[in-house]
Amino acid sequence: MVLKIFFPQCCNRAESGLLVGRWISGHDSAVVLAVIHYPFIPGQVKQYIQQMQAQSGVELTVLGSWSLPKEGQESMESFLRDLSTIFPQQRWLQVSRQMGKMGFICEVVNRNQTALAPPILLTKKQNEEEEEKVIFVHYEQRKVMLSQLHPTESGDPDPNTEPSSELKQVFQTVARSQPLFFLDRYDDGPLKSTHWQSEGREASIIVELLKQASVPLCMLISWLLALWTWISVSSVSCRIFSLYPLRFLSSKLSTCVQISYRTEHMRTLSSPKPAAGHKQFMRKGNILVSFLVDVGLGILLMSWLYRDDHIATLANMLMPAADHVAKELEELLQWLMGAPAGLKMNRALDQVLGRFFLYHIHLWISYIHLMSPFIEGILWYGGLSVCLGLTFALSLLSDMVALLTFHIYCFYVYGARLYCLKIYGLSSLWRLFRGKKWNVLRQRVDSCSYDVDQLFIGTLLFTILLFLLPTTALYYLVFTLLRLVVVLFQGILHLSVDFINSFPLFAMGLRIFRPYRLAEGVKFQVLCDEPGTALHLLMEINPLKCSTVVQTYRTPTYSCYPRDSWAALVKKLFVGELIYPWRHKSTKAD
């Protein structure tokens with residue numbers, strides 16, 4: 001039989017006393033949490049352990065005695081050995097440290113036997129079948145207490161739902177025993193103990209003072225978050241926006257979607273309820289850090305915009321840029337109305353489509369010149385909203401691009417509808433030649449017989465649509481490419497917003513600066529494996545991989561990724577159906 005004792009490194013040189021910890025049920029293992037030093041009264045120790053059990057919910061007990069040999073303390077070792085009759089434990093560990101050596105001497109008293117078991121000095125035994133081997137697993141108590149054990153990639157169950165593993169129970173025992181570590185940090189308790197905080201009590205006092213000083217700052221941040229939430233809710237949930245046209249328009253604008261998304265985040269942060277678990281705590285931390293980084297980047301952008309009058313420069317550049325785009329589009333249409341790339345087009349349809357689109361460009365440029373006196377004011381007041389965050393500025397830029405390129409969107413819709421009408425007309429007439437028809441009720445192709453007149457009219461229409469298709473397809477191809485350029489730029493903006501909103505900055509910061517906080521498992525290193533001594537292992541924490549951190553703690557967002565596959569998008573482009581690659585969904589995606 002092998003007895004595993006998880007021993008904290010901070011107790012290796014502790015003064016003689018009692019070992020306080022827990023026996024792991026279902027496993028022949030014990031977790032040592034602290035050492036209570038002499039002098040003490042056994043009744044006070046029992047009361048202290050009962051108080052710790054009530055606060056932590058862990059079945060704490062006195063595991064045995066710990067002895068650090070010193071001159072003149074022979075009577076103390078006998079006193080600690082006699083305590084095994086006072087504390088009714090099934091097993092009593094008598095661990096003592098060898099002077100100048102790493103190995104411990106462990107004596108196990110088994111109450112199930114009629115007499116005390118002989119001391120198991122971790123040396124060679126004559127009968128290995130009756131020998132109870134002891135393995136000391138040294139661990140760093142603070143890291144184990146603060147770490148969160150995650151399931152490995154092999155598919156182990158969640159440590160929070162199935163604590164059947166020995167390692168998981170060790171982590172949970174140390175993590176839930178925080179009252180045992182924090183009760184006597186100022187040496188004001190009736191008992192003196194050694195644990196991970198014993199060597200850093202001065203630092204603990206400084207940390208406590210910093211916590212007290214951070215209370216007003218936290219209250220200020222909470223007040224600002226509540227104010228931001230109230231402003232957002234009052235602006236988004238106004239009765240005016242409940243009307244159908246404005247409600248439909250606000251659902252299509254990226255700025256309104258981002259405001260509603262941040263409002264939900266602020267409600268989560270300003271909630272007085274504490275985090276229900278580790279996942280909820282990490283989600284709140286990621287949201288808070290993402291919000292602070294977002295606002296910080298927005299303030300930097302706003303300071304750049306209002307320094308050296310950059311807004312006026314942008315407003316003055318907007319009109320020449322619009323005129324240049326309009327001129328390029330006019331030249332493109334003039335090229336299409338001629339003989340593009342040497343192709344012979346249907347001249348009548350070519351002239352009609354070209355003049356139709358030229359008229360739309362003329363209307364749009366007239367509208368831009370009409371709005372030119374107000375553009376600088378719109379940019380100036382719109383720049384003030386950048387203080388809400390960089391994501392708000394990117395969403396506002398996406399909406400401005402959508403409004404400034406609305407004529408390109410109109411060209412794409414006109415060309416796509418006309419092209420789609422001809423494609424579906426040709427496919428329907430092609431079924432007519434084969435004696436088929438589309439059954440609307442059953443959504444399938446059925447056989448059908450046609451007379452001569454129907455076949456003649458179908459042939460005539462098929463010929464007309466077929467010869468007009470190249471001209472329509474050329475206009476559709478050109479304006480689809482222009483639309484895709486605009487959509488690509490908007491997609492980059494939306495992906496940037498989605499990255500800032502969903503990237504787990506808090507979790508990634510823990511992974512980089514405190515890798516033990518997010519544990520994927522442990523590894524053991526042999527410290528002492530000499531003949532005649534116990535096996536001493538050092539338990540080290542394996543940090544979680546960065547890719548797993550991003551995948552596990554990524555904040556759910558309103559996804560702006562394509563809803564269809566690339567094959568479906570290509571098919572829609574080929575048949576002329578309208579596509580919205582980066583349209584926001586109404587549901588969240590991970």
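Backbone N, Cα and C atoms are what each Cβ position is placed from, and that goes for glycine too.
A TrEMBL annotation is a machine prediction, not a hand-curated record.
Annotation comment: TrEMBL describes 220-244 (among others) as transmembrane segment.
Look at TrEMBL and you will find 287-306 (among others) tagged as transmembrane segment.
Taken from TrEMBL, the feature transmembrane segment covers 352-371 (among others).
Here TrEMBL flags 378-405 (among others) as transmembrane segment.
If you look up TrEMBL, you'll see 411-433 (among others) marked as transmembrane segment. For the transmembrane segment (411-433), same-chain residues at least 6 beyond its ends with a Cβ under 8 Å from one of its own Cβ atoms are 356-357, 360, 445, 450, 454-455, 458-459, 461-462, 465-466, 468-469, 472-473, 475-476, 478-480, 482-483, 575-578.
Residues or ranges marked as transmembrane segment in TrEMBL: 454-478 (among others).
According to TrEMBL, the transmembrane segment annotation covers 484-507 (among others).
For the transmembrane segment (484-507), the most Cβ-contacting stretch among 287-306, 378-405, 454-478 is 378-405 (pairs under 8 Å).
Listed by sequence, the residues of this chain that lie at least six past the ends of the transmembrane segment (287-306) yet keep a Cβ under 8 A from its Cβ atoms are 262, 265-266, 268-269, 383-384, 386-393, 500-501, 503, 505-506, 509, 555.
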